[in-house]
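K.L.:
In case it's useful when we look at the structure, here is the feature table from TrEMBL:
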DOMAIN    10-238  domain 'DUF7358'
TRANSMEM  21-40  transmembrane segment
TRANSMEM  46-65  transmembrane segment
TRANSMEM  103-126  transmembrane segment
TRANSMEM  156-179  transmembrane segment
DOMAIN    376-535  domain 'Fungal lipase-type'
REGION    604-624  region 'Disordered'
Amino acid sequence: MAMWVSSTVNSLRISTIMLGFSNLAVVIVGGVLLFLVFPGCELNRITIPVAMVSLAAAFKIFAMFKSGIAQKATALSVIDSPLDSSAIDSINRLQRRMRYKTWLWWSRFALVITLLQILTAIYLVFNVAKYISHDGTSSECQPGTASNGNKWKTKLLISFVIAVCTIPLIHIFVGPAVLRWRSFYQTQDDVWKAHYQEVFDHGIREALCCLGRVKYMRVSKEDEVYSVARLLGDLVAYRASGTGHLELLAGLALLQRHSKSPKSHDGLVEAPREMIQEAFAFHEFAEAAYTGPLLDFGRHTVFFPCAWLYRQGILTPWTRNRRPSLSGDNWWRGHAAAFLKYSNLPPEALRCGRVCQEKCEAAYFVVVLRHLRSVVISVRGTETPEDLITDGLGRECLLSREDLDGLINSSHICSDVKRSVESSFPHYGHSGIVEAARDLYMQLEGNLANNESEGSSGFLSSLLGAGCECDGYSLRIVGHSLGGAIAALLGLRLYRQYPALHVYAYGPLPCVDLVIAEACSEFVTSIVHNNEFSARLSVGSVLRLRAAAIVALAQDSKTDTALIFRLARQFLCVSKNQRGKIEASDPSELHSAASTVDELDHKVWKESDRTNSGGDTDDDNIENPFYDNTSVINSLDDPVSQFLETVPRSENGSAGERAEMFLPGLVIHMVPQQRNISMPLWKGWRFQERVRNYKAYLANRDVFKDIVVSPNMFFDHLPWRCHNAMKKVLESQNDEGMLDVSQIM
């Protein structure tokens, strides 16, 4: 019993001990005020609020006690079943989830009590102010002494009020945890990963439930949400080293502050004008696919509801029957109206589409453009929670031969490219995007392998087939962000059937391996606007960004070197265990899960402690663990150097650990010619620089393997900014004697 009490006390957070005793002091002082200081006061302006805050403090102590018990049970269940790789663990996994939910609800009950404490504290302040305004006396309270004798009572009451107002605010800032998770998990990487899997899994499901997707809360098996949560758990496994989230954010801020000036583009070739013309002409359809309020929210901010309702045609319901019927559209066919209004097309141009989709399904629109003799498939980007789930399924999966049918079996692909694709199997793609592209293909063409024997055809074949309505038309597949990546994967499958096909992906996600990305350059074009994050977002780039944060922290002379060693030690463990796991697993089951952390050599800790204690070390090495010295870099005592050797680097591909994802096809980079003004990352949302001129270059896809931390990395991803950039490229070329932009439409 004594050992159990001792271990529980050692697991308590310092803030928990302080707040526990503070609440206990509130209860005691409140009792003193009620029964000793004002014994003759009954139901007056002092007695009731003091009793309320004292009772709330007592409930808070009870809630903290129950929350601590539930938290310990949760931690022990996570330790008992850190891995979820077999069906044998399903019972333990369910038990872990139930215990986590129990702790979560007790924590929320404690939060409700905290809010109650704030309300009762406000009530107490108002009543104490009235009491003091009467010189500490009341007609109902008869202290029976002079005013000087009441000064100590007033001081005690004011101190009580200050404590009552301060304690709940501190509770909010320190968080709901009563015990230290680290006292249970220590440096076990798999345990930390399992813990954060539960945190993200439950958090995502609750967010989806609040958005009307109640079905996700009822799922107990492993689904797409669980896969996303597992990936996010892998990315925050650095918590095993004692590193906090704020420390990592500080490293990212330093990375942005110390970033180098933009690289020169003098050696790059400018993109052909014809490419920019056609990409510009079809961009509006990719942008029009955002038929929800997201597009209008970005463009109109305050008045976006009015703009969205206008674009949805809700003000003209009598035109409903003239609009095409789309799968999942509302009663007044507003999404069809929004697409047609934004793209300025007649209703008969929109042939089919889907708006409301499930997980790993894409919203799309198919239009026929008579004046351009083209059929356009516009795939919507990220707009709904289901789209976010598709984005989050970033683990690589195998691409089948059917997925690459346009490369392997097309007669329009040169033999060298075919041999390259055939000889380098297996190939990999972004699992969520691959699944969405497969579903979209089934929507447009169905299973042609079965249909050919029956003489039937899919929807596209009924439009573009020999002797059909659009015979001889070209096929264009366009999309922005997630939609662009799905469009590229769809094009890989359709190119054999429709050789007059071209894909324009605007700000797509990296979604295929290097061989496939280069092989489809003939019919896929990716347009990247400046520093937009989406074109650089992959699991590998996030891992390298963590490593870059370490470098930024190490280069800062004010950074605690021990923190650098702890970060490097953790990442080193994760990288080594990931590599060992993947080498021992089947190639079709590649994943980024980290295995159990073994204790490293004590030399790592000795080096860290020696550096912190000011031992006999080189001063230059203390300030910068990446000091250019061969003996230091190769030292076994330097976890930073060991870590940097195991992190997947841009120059050596996947480093043998995972399939690196790349932008598909030919990559065109839209670069502003006016240099950005340097400013902190958190102030970037206020800054919208007016760029007078843009240049479009044929870029190397390797340039986009790493995330660029800049103030405009998110704003550059807005679809209309890419549209304006292409327009300015064409205008600048017009100033040099080219044709007018209006001639391309």
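Cβ atoms here come from the backbone N, Cα and C positions, even for glycine.
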K.L.:
Please report, as numbers and ranges, the same-chain residues at least 6 past the borders of the transmembrane segment (21-40) whose CB is under 8 Å from any CB of it.
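P.N.:
Same-chain residues near the transmembrane segment (21-40) but 6 or more away: 46-47, 50-51, 53-54, 57-58, 60-61, 64, 141-143, 153, 156-157, 160, 163-164, 167.
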K.L.:
Is the transmembrane segment (46-65) packed against any residues at least 6 beyond its ends, judged by a Cβ distance under 8 Å, and which are they?
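P.N.:
Same-chain residues near the transmembrane segment (46-65) but 6 or more away: 16, 19-20, 23-24, 26-27, 30-31, 33-34, 38, 106, 109-110, 113-114, 116-117, 120-121, 123-124, 127-128, 131, 138, 141, 157, 160, 164, 167, 171, 178.
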K.L.:
Kindly state the mean pLDDT of the domain 'DUF7358' (10-238) in the predicted structure.
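P.N.:
Averaged over the domain 'DUF7358' (10-238), the predicted model reaches a pLDDT of 81.
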